[in-house]
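Taken straight from TrEMBL:
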type	residues	note
TRANSMEM	39-64	transmembrane segment
DOMAIN	55-301	domain 'G-protein coupled receptors family 1 profile'
TRANSMEM	76-100	transmembrane segment
TRANSMEM	112-133	transmembrane segment
TRANSMEM	153-176	transmembrane segment
TRANSMEM	201-226	transmembrane segment
TRANSMEM	247-269	transmembrane segment
TRANSMEM	281-304	transmembrane segment
Amino acid sequence: MDNAVPNGTGNCPACTTSFPYNSSLVYEDYYQEPDVSKIIIPSIYALVCCVGLTGNAMVIYVILKYAKMKTATNIYILNLAIADELFMLSVPFLATSAAVRHWPFGSLMCRLVLSVDGINMFTSIFCLTVLSVDRYVAVVHPIKAARYRRPTVAKVVNVCVWGFSLLVILPIIIFADTVPAQDGGVDCNFLWPEAVWSEAFVVYTFLLGFLLPVGAICLCYCLMVARMRAVGLKAGWLQRRRSEKKITRMVLCVVAVFVLCWMPFYIIQLVSVFHRPPDPMVTQLFVILSYANSGANPILYGFVSDNFRRSFQRIVCFRWLESGLDGEQVDYRAVALKRQATSGQKDFPKEHQVSDMVFRNGTCTSRTTTL
C-alpha cells in the first residue's frame with residue numbers, strides 16, 4: 001500500500017476523536033486549542049467511561065443473575081449492554097490520545113481499538129433494530145410471538161448480529177493503521193488506496209450504521225401505532241396492550257436517545273466530506289456525545305422499566321451481611337433455606353433470625369426475619 005492515502009474522515013468515533021482531518025488548516029487549528037482542553041476533554045471521557053462501564057455491568061449482571069429477567073427482550077438488551085460495555089473499553093485510549101495529541105499505542109493496538117470501536121458501534125444500532133422488530137412482533141403478531149420470541153431464538157439472533165457487524169467493519173480491519181502526523185508524531189488512522197475511498201466509507205457507514213436501521217425502526221413503530229388504532233378496544237386487546245406498553249416505551253426511549261446522541265456525529269461526518277471540516281472542538285464534543293449514549297442506556301432502563309429498577313435496587317441494597325470472621329459476604333437467608341431443603345427440616349428454631357436489606361422510600365433499611 002505504498003500509494004495509500006491517509007485520511008482522518010473515517011466514520012467511526014475512535015478515528016474521528018484521536019486525530020484531525022487531513023488538512024493543514026485543520027491541523028493548525030487543532031493544535032492551537034487551549035491547553036485547558038487537554039484536561040477537560042480527557043476528564044469528560046473518563047466520566048463517560050466510568051458511568052458506561054458501571055451501568056452496563058449492572059445490566060449484564062441482573063439479566064444473568066435473575067431468572068425472571070431472562071426474557072427474549074432482555075436477551076436482546078443483554079447483547080446491547082455487552083456491545084456498550086465493549087464500546088466503553090476504547091474510551092481510555094481515546095482520552096489518552098486526546099490529551100497527548102498523538103497515538104502512543106502502536107500499530108497493532110490502533111487496528112484493534114478501531115476494529116472493536118467499529119464493531120460495537122454497529123452492533124449497538126443493529127441491536128436496537130432487532131429490539132424494535134421484537135416489539136413489532138409482540139404487539140402486532142401476538143400469536144406468532146409465542147413461537148419466535150423465545151430466549152433461544154434471541155441468542156441465535158444475537159450471534160447473527162455480531163457476525164453481520166463483523167462483515168460491515170471489514171474495511172476498518174483492513175485499512176486501519178498508524179500514519180505519520182504533520183507534527184512529527186504518529187496518528188491512528190485509515191490508509192485508503194484512493195482519497196475517494198474515505199468519502200465512500202463515510203456514506204457507507206452512515207447508511208448501514210444510522211439511516212437504514214433508524215428507518216427500519218421507524219417503520220416498526222408506525223406499523224405498531226396503525227395496528228393499535230385498527231384494533232381499538234377489542235376484547236382482550238386492552239389488557240395485552242397495557243402489558244406491552246411499558247416494554248415498548250422503554251425500547252422507544254432507548255432508540256430516541258440513540259438518535260439524539262448519534263445524529264450530530266453523523267451530520268458532522270457528512271459535512272466534513274462534502275464541505276469544510278468543522279471546528280475540532282465541536283467534533284470532539286459530538287464524539288463524546290456518541291459515547292455517552294452507551295452510558296445513558298442503563299439509566300433509561302432504571303427509570304422506565306420497573307423490573308430493571310427493582311433489580312438495580314437489589315444490587316445497590318444487597319441482602320447480605322458481613323461475616324465477623326473474615327469479612328466475607330454471606331447471604332444468610334439463602335443458606336438457611338438451602339439447609340432446610342436439603343435436610344428435610346420443616347421448622348427452624350424461633351431464635352434463628354436473619355437480617356437483610358430492603359429498599360424503601362429511596363433509602364436502604366435493615367430487616368430482621370425469623371426463619
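Any Cβ shown, glycine's included, is placed from N, Cα and C.
The stretches the transmembrane segment (153-176) and the transmembrane segment (281-304) do not meet in space: the count of Cβ pairs below 8 angstroms, excluding pairs fewer than 6 apart in sequence, stays at fewer than three.
Sequence-distant neighbours of the transmembrane segment (201-226) (same chain, 6+ residues past either end, Cβ-Cβ under 8 Å): 9-12, 121-122, 125-126, 128-129, 132-133, 135-136, 139-140, 168, 171, 190, 192, 248, 252, 255, 259, 262-263, 266, 269-270, 272-273. Taking Cβ pairs closer than 8 Å, the transmembrane segment (112-133) reaches residues 10, 12-15, 73, 76-77, 79-80, 83-84, 86-87, 89-90, 93, 105, 157-158, 161-162, 164-166, 168-169, 172-173, 176, 188, 208-210, 213-214, 216-217, 220-221, 251, 254-255, 258, 262, 293-294 in its own chain, all 6 or more past its ends. Long-range contacts of the transmembrane segment (247-269) within the same chain: residues 9, 11, 13, 16, 73, 80, 124-125, 128, 131-132, 134-135, 138-139, 202, 206, 209-210, 214, 217, 221, 224, 278, 282-283, 286-287, 289-290, 292-293, 296-297, 300-301, 304-305, each at least 6 residues beyond the stretch ends and with a Cβ under 8 Å from a Cβ of the stretch.
Over the domain 'G-protein coupled receptors family 1 profile' (55-301), the average per-residue pLDDT in this prediction is 87.
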